[in-house]
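Here is what TrEMBL records for this protein:
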type     : residues : note
DOMAIN   : 71-448   : domain 'Amino acid transporter transmembrane'
TRANSMEM : 96-114   : transmembrane segment
TRANSMEM : 151-173  : transmembrane segment
TRANSMEM : 185-203  : transmembrane segment
TRANSMEM : 210-233  : transmembrane segment
TRANSMEM : 259-282  : transmembrane segment
TRANSMEM : 302-325  : transmembrane segment
TRANSMEM : 347-371  : transmembrane segment
TRANSMEM : 391-410  : transmembrane segment
TRANSMEM : 416-438  : transmembrane segment
TRANSMEM : 459-480  : transmembrane segment
Amino acid sequence: MASEKVETVVAGNYVEMEREESGSKSTKSRLSKYFWHGGSVYDAWFSCASNQHRLIVTDDVNMRKMYPQMQVAQVLLTLPYSFSQLGMLSGILFQLFYGLMGSWTAYLISVLYVEYRTRKEREKVDFRNHVIQWFEVLDGLLGKHWRNAGLFFNCTFLLFGSVIQLIACASNIYYINDNLDKRTWTYIFGACCATTVFIPSFHNYRIWSFLGLLMTTYTAWYLTIASFLHAGFLNVKIEGVKHSGPTTMVLYFTGATNILYTFGGHAVTSLSTMTIMTLPMVNAIYREIMHAMWKPQKFKMIYLIATLYVLTLTLPSASAVYWAFGDMLLNHSNALSLLPRTGFRDIAVVLMLIHQFITFGFACTPLYFVWEKFIGLHDTKSICKRSLARLPVVVPIWFLAIIFPFFGPINSTVGSLLVSFTVYIIPALAHMVTFASASARENAVERPPSFLGGWAGSYSMNIFVVGWVLVVGLGFGGWASMLNFIRQINTFGVFTKCYQCPAHKA
């Protein structure tokens, strides 16, 4: 009964909007809606699953439909690199652990979003032409200080999640055409990704989410099969290949933080490339997806199912590539660089490029919304005005991708310093503070499930998440990731022309 009431309240305005627009619909408009304008549970699953893969390469409420990052595509390519830092066993365990933790925080985000939206719906607030974002939820439930913290971390995370997508595009296309260096490819793809300013909202990603899921699925299984074939199917010992990880604390926690980013990007996804990217742009994006759903209260289960599907792609592919190449991955953060060039590999590269373009749009859209609201153009119906107003958002992303083209290490740095707060710490603390009083718990729109121990179990989980992420993610992970990032700057320099290219090309 409680869930039915929530569904009725939250979906109310959407039903009215659909009825208002149902008067005159031509065949063309119905076809356009089928491919373009989506807000169903299925759209949410496609968005979450495809985004997670993408960035996992990648925070706002509208994205709930989508991110377990901002981001599995990119992460698909860097997870083998993380396995070489962590070792096989730790790599598998951290994926399972952070996948569950990301799903928990996505659940918290969905609860807070539904709580906020239901309160506003009861006050007759109309969200017809307004996209609810995570910082607005924090503002409405907890006040301006929480809003400012959420806005800072979410926007910074999505900014760097978008940067990672551009870096990934340049890194991938290089393995098809190395006549141009990676920096030049970054210029080219920066211009291409700037066209995302013309996409109004997450509703308009229906067909792209579906295609993104197919793309990441193909790439994951290509990596798995190609690695098995390279190594000799089911060889117990591969001649000349060493699996010595983990070797140092710095590498170990850098790898662990990249996985935290992978599945955090997705929780951000609820909030986010940003997939999710993450997956690392992943919860950030998902928050926006939530708003785009007709029935956003169903997002929490969608995110969990999407995470489970993502694991069926990331676990086999990362394990197979690491088994085939071992320690060689320590100097090759992009798994595609070690596989022989074939037609199948070229297809995977092209699909990842398309996917990362889509993820760039997923990650940037919340930033576009924030910028539109800041300059007072968010409620305008003119697509041309909104598109022109969005262009200044793309410029700093483009610039940062050229300064720090460190495909792989930048993921871990963003994960430790930004995803830790955006996806894990802030949502867990916000949930505890929102329902701290007895009256708030009594009147909660959605209460914690009894099998988790109700409110006591929920608070215990939140305390564990905050403590773990502060110590392991931000503490050890931040230390290791920053050391590794500084090492890349000292080795290659900023504005490097061709990161990790063969000597004669670099």
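Glycine is treated like the rest: Cβ placed from N, Cα and C.
Please treat TrEMBL annotations as automatic predictions, because they have not gone through curation.
Keep in mind that this is a model prediction, so the values were computed, not measured.
Long-range contacts of the transmembrane segment (391-410) within the same chain, counting only residues at least 6 positions beyond its ends with a Cβ under 8 Å from a Cβ of the stretch, are 78, 81, 159-160, 162-164, 166-168, 170-171, 182-183, 186-187, 190, 193-194, 197, 254, 258, 333-334, 364, 367-368, 371, 481, 484-485, 488-489, 492, 494-496, 499-500. Of the Cβ pairs linking the transmembrane segment (302-325) with the transmembrane segment (96-114) and spaced 6 or more residues apart, 3 or more are under 8 Å, so the two regions touch. Listed as Cβ neighbours of the transmembrane segment (416-438) (distance under 8 Å, sequence separation of 6 or more from its ends, same chain) are residues 59, 101-102, 105, 108-109, 111-112, 115, 138, 141-142, 146, 149-150, 153-154, 156-157, 160, 257, 260-261, 264-265, 267-268, 271, 278, 280, 283-284, 444, 455, 458-459, 462-463, 465-466, 469-470, 473-474, 477-478, 480-482.
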